Structures are given as structure tokens and as C-alpha cells.
């Protein structure tokens, strides 16, 4: 930490404590190299006031004022700073300690002007009560009234005018003063406009800086120029920032003057505001300025010009949901027929009027963007979806099974969005339930991954293939086992999913459920005949991976198979015996074997759905030798 910073922190601590003697000692050590800035002095004085140490505040003020004679701390800044912050207590303190209410800074601003420019009504009232000069002018010749009008603060402007007005009121004419003030306010606005105009007209880049700048003051300066005359030169037409800002802010007169001077209406401009290179017409459309659009078209703007994203002005109108400008562009030759992106944008922005308008002009309802997206895709991808537009597109012949560059259909997108209503609509329109994207993913796989139970059931009822495996992907059954979704697992198993299908590692759904210790999934897979003896590529059965939560049910299944004298893989025998002697030693397995014998007899007798297949037959199917 520097000596200067250390000294300032100690002074702040001393001021907080009210240690007057130590504060004197520290002030006496001040040198030009370690003295605090005027802002830091302000904070020290403010701290003394807040902590009710008036002696410390007095000491800082008197000694800093004395020290200011050596031009180290400009104390007049303190009152300006207090006025800018609307710090009422500090304004009172500083004025009572001798700082002039009309002291000026390097810009010629008085504290009153600082309060006005920051729209602090209470501070303005206080400074006026101390006799602040309303007519004091800054370096640009502006008074506090000028600044109040430039800031657009009518209340402060009228308060200042009231201090300039000297009218005797009659008993029956209480509104005379207010009427006089209102009249003077109107006159003051006009005079301010003239003052600002003549002040900035002779300044180099005066109009340019105001047009390109931000804030009320810049707006007021531009207004002055527009009222009393625009000052532009032929060189200004090459000033891209000026041209773009004039269009963006809707300065019709300035843009017209620039075009008359030869500005290229179709030039692409690098525009930081829109973060892309656009033409002036694009900018006018983006900012929804119909009058500006008409002006640019009158000066031969190309309505089909492309920006750096290959968007036309029509695309921007579509994104803005601006039907009025869209029709204006079309009336002036904007192309539609081959602009497929337009229909996608209209569908995405849920503008039914746009969609209808484009379809009336015979736009290809199945036209694709560069990414292969059609209007159907765009409509389905929107949240919330506009069902009227979706139905309209379908009625107009939209290909329900159109694929984008990733080979995804609208059904893929609707499933991913878990939108049941749209899925139903697409399925009723004969959407391909088994369409595969570039990765081989089907809608059923997507619905399983997302845990969309109702959608999964809809797809299965419509004939979704249950056991499709592509590009090393697992089946939906594997996914349901992994994510522990019992509802989807039941749907798939009831519908005939292959319970023993293996993934790229040779794992069955039972392996996956066992690895993650999904007890309910393990149980239902076993009930549906999952083969406990299947080994994966590591030559491991599901029992090898089973954690304690699911170990019990798998060991029980091994015992049932052994009691039934059915095949059990050697590793399953070893794993179950280890578990019985260790983690499951608290169970009476002898008694369990007796119960198994009784259960086996029942399974042999009981047939499934009046068929010749018994539950014992299912048990035998789930223990095939590998």
C-alpha cells in the first residue's frame, strides 16, 4: 500500500473516531506528494458530519482551505460535488463555512448549474435560498435556465424563472404569476434553442457530435439545429457514424440533406449499435421508421439489398412483426417468392398475418433455409407454439416430414420440446414416427431421454419401433433403465421391447439398472424375463455390478433358478454365495428356498392370459445359457 493511501485511511479512521488532536498531527504532515484529492477531502468532511464531529469538519475545511493556497486541493470543487450529488447537509456546511454560493469551476459552472444539470430540485431550491445567481453564465454562455431546458426538467426551469419574475399579485388574480412564468418558459425555450444553435453552429463537428452523442443535452442541440438550420458539408456524406446515427435516431431532415449532398443510400455500414453491417434501409426498418423508409426508397434505396447476414429489409420487417413496413417494401418491389427465410421468420414470430400474406404471394411452403429448416420446423420450435399457424401451414401443403440439415423432422423438435399437443397433431397428420436424424435418433428415443411418459405412449401406439439401434446408441429400454423411469419402462415392456437387447458394450437393460442400483427397474426387468446370465464385453453379469440396494432381489432370482434346476452362470453363483455369506448373511436363506419351491409349483400351474404359456416358461426363457 502506498504512503498516500495509508495516510488517507488513517485520516478516515481518525475522523470516524473524532480524534481531533491526531487529525491535526496528520494534516501537518501533508505534502504535495501525499495529500488527499479533493474527492477524498470531501469524503473526510462527509464522514465527520455523519459521525457528528463538527470540530473535525471545521478543522478539515479551514486547514484544507489554507492548504489550497498552495494549489494542492481545489476546495471550490467541494461545493460543486455536493450540488451534483444533492448532498443537502454538505451544501449547507460548505456555504456556512465561507465557500461562495456562486463559485465557478474550470467549465464556468456554478453549484446551481451543477444541481440543475443533475435534476436535483431540492438542491436547486436550497442554493436559490442562499442567493445563487440564476443569470450566471458558464464558459459556453449558458445559464442555469438554459441547462434546465436542455435537460428537459420543466419543474426546475419554472422554479428558476420564478426567481427572475417580479410581479405583484392582486387578491383576485392568484394565477397571474404562474401565467407569467408559463409565458416566460415558452420564451426561454426559444431563446435557449437559439443560444445553443449559435453556440454550436460555429464549433467544429458541433452537429455531428450532438447527433452521434447520447442524452438529453445532445437531443436538445440537434433540436436547435433542426429549428434554426442544419450545418452540413459535402465531406459529411462520408462520415459513416454521422449517417448511421441520423437514420437510427430518425432525423429525417439531416438524412435528407446528406442524401442531397450525395450520400450513398445503398452503402453497407459497419454499425456497432446493430452489431452488423447493414444498409440505411435495414436500419430504418429495424427501428420501425416508416417515414424514413419512404425517404430512403424515394432516394433509390435497393429494397432487396442484403446485409452481412444475407438478410433483406423484408427479413427485418418480419422479425419486427411490422406488417405496415412489409407491405410498403412489397409495393416497392421487394422479392418474396424465393425468400424462404421470410416464411420461417413469420412462423417463428407467430405472425399469422405475415404467414397469410406470404402464402398469398405463392411462397413455397416447403422452402428451406441454409440450415434446412422449413416453416414447419420454425413454427414447432417456437415457444409458445401458435397452433393456428401450424394448422395453416399443414393445410397449405407443408411437408410434415421435411428434414433439416440434421435430418430432424418437426416431430423430433416437438418431442424434444415435450409438447404433447403438437405431437398429437403431427401424429394425426401421419408424421413418420420412426424417422431418424443424422445420429440415428428417433422421436421415441428422444421422448425416453426426456422422460416424456405421455409422448412415449403416443409414439408407441402409433407404431414406433422399440428396438432400433443406430450408431452405437442404446435402445429406449436401456435409456429408461439408466434414468430410472419406471413408467416408460412399463410402456416399453408391455409393448414388446426386447428385454435382453444389448448396447455397444454388451450391456442389457438389467446391467444398466444394476450398475445404478435402480431397484424397481431391476425387479420389473426380472418379471419380464430378463436373462440374469448374459455377460457383457467384460464377461460380467448384471449381478457383478449390483450395489446393496438391488443385491437382495438379484440373489433371490439366482436362488429361484437354482431351485428350479435351471442354468445359472458360474459368476452369478459365486457372486450370490459371496453376498449370502457377507452382506446378506442376516437372511434365512433355507427358509427362502422352501418358499421358492412352493412358488415354482404355483408358476408351473398358472397360465398367462388363458394361453398354454406358464410363468415358469417365462422364467426358463430368462436363463438361457451363454
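Each residue, glycine too, has its Cβ placed from N, Cα and C.
TrEMBL entries are annotated by machine, without manual review.
Here TrEMBL flags 74-106, 107-139, 140-172, 276-308, 309-341, 371-405, 406-438, 439-471, 472-504, 505-537 as repeat 'ANK'.
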Helix, strand and coil residues within the repeat 'ANK' (505-537) as assigned by DSSP: 16 helix, 0 strand, 17 coil
Confidence summary (mean pLDDT) of the repeat 'ANK' (472-504): 93
Spatial neighbours of the repeat 'ANK' (371-405) far in sequence, C-beta under 8 Å, 6+ residues away: 340, 343-350, 352, 355-356, 359, 365, 411, 413-414, 417, 419, 421-422, 425-426, 429-432, 435, 437
Surrounding residues of the repeat 'ANK' (309-341) on its own chain - C-beta under 8 Å, 6+ positions past either end: 276, 279, 281-282, 285-286, 288, 290, 293-294, 297, 303, 349, 351, 353-354, 357-358, 361-364, 367-369, 374-375
Chain residues in Cβ proximity to the repeat 'ANK' (406-438) (below 8 Å; excluding those fewer than six residues from its ends, i.e. six or more beyond): 372, 376-377, 379-381, 383, 385, 387, 390-391, 394, 400, 444, 446-447, 450, 452, 454-455, 458-459, 462-465, 468, 470
Long-range neighbours of the repeat 'ANK' (74-106), counting only residues six or more past its ends (CB under 8 A): 38-39, 41-42, 45-46, 49, 57-58, 61-62, 64-65, 68, 112, 114-115, 117-118, 120, 122-123, 126-127, 130-133, 136, 138
